[in-house]
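Presented below is the structure to which this report refers.
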Amino acid sequence: MAKLLVLHGPNLNLLGTREPEVYGHTTLADIDQALAAQASTAGHAVESLQSNAEHVLVDRVQAARNDGTAFILINPAAFTHTSVALRDALAAVAVPFIEIHLSNPHTREPFRQHSYFSDKAVGVVCGFGADSYRYAMDAALARVRVAGA
């Protein structure tokens with residue numbers, strides 16, 4: 001059984017009510033519940049954490065190095081375009097990760113079109129709403145099976 005970590009960045013606690021025309025009506029609790037079921041069906045465990053505080057996410061990424069986390073799925077949200085600290089933490093722990101976005105940042109404002117994470121990620125899944133998480137989990141589960149975790 002592998003342990004997967006799902007990290008949600010700032011404002012994602014407002015999913016379902018914040019700009020539903022951009023982010024949809026699915027709540028973060030709905031997403032976390034679906035991911036836990038998806039991983040459990042495959043025989044794996046998921047831990048999810050949402051924080052509006054950069055240091056909380058950095059601390060959790062650093063802890064992943066020693067707690068048996070096999071894979072990280074992260075929606076850095078607004079930190080996508082600003083957080084060198086979170087990027088450096090992900091690079092330092094060397095746990096593979098997938099970057100996730102509900103919307104497609106490449107079709108949005110210019111400042112949203114650059115990611116500090118994409119070049120370090122195994123892959124990026126964006127633009128499919130809440131399904132972006134499901135697709136990313138599919139990819140992560142395939143990779144932990146291949147790795148024998």
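Quick reminder: no glycine exception, Cβ is built from N, Cα and C everywhere.
In Swiss-Prot this protein carries:
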- R18: site 'Transition state stabilizer' (SITE)
- Y23: active site, proton acceptor (ACT_SITE)
- N75, H81, D88, L102, S103, R112: substrate binding site (BINDING)
- H101: active site, proton donor (ACT_SITE)
Review point. Between R18, H81, H101, which of the recorded positions has the fewest other CB atoms within 10 angstroms in the structure shown?
Key: R18
Exercise for review: Based on Cα distances to H101 (active site, proton donor), point out the closest of the recorded positions R18, N75, H81.
Suggested key: N75
Practice item. Based on DSSP, name the secondary structure state of H81 (substrate binding site): helix, strand or coil. Key: helix
Point to revise | Residue pair S103 (substrate binding site), R18 (site 'Transition state stabilizer') - Cα distance, angstrom, rounded | key: 13
Point to revise | Length of the line joining the Cα atoms of D88 (substrate binding site) and R18 (site 'Transition state stabilizer'), in Å | key: 29
Exercise for review: Could you say whether, by DSSP, S103 (substrate binding site) belongs to a helix, a strand or a coil region?
Suggested key: coil
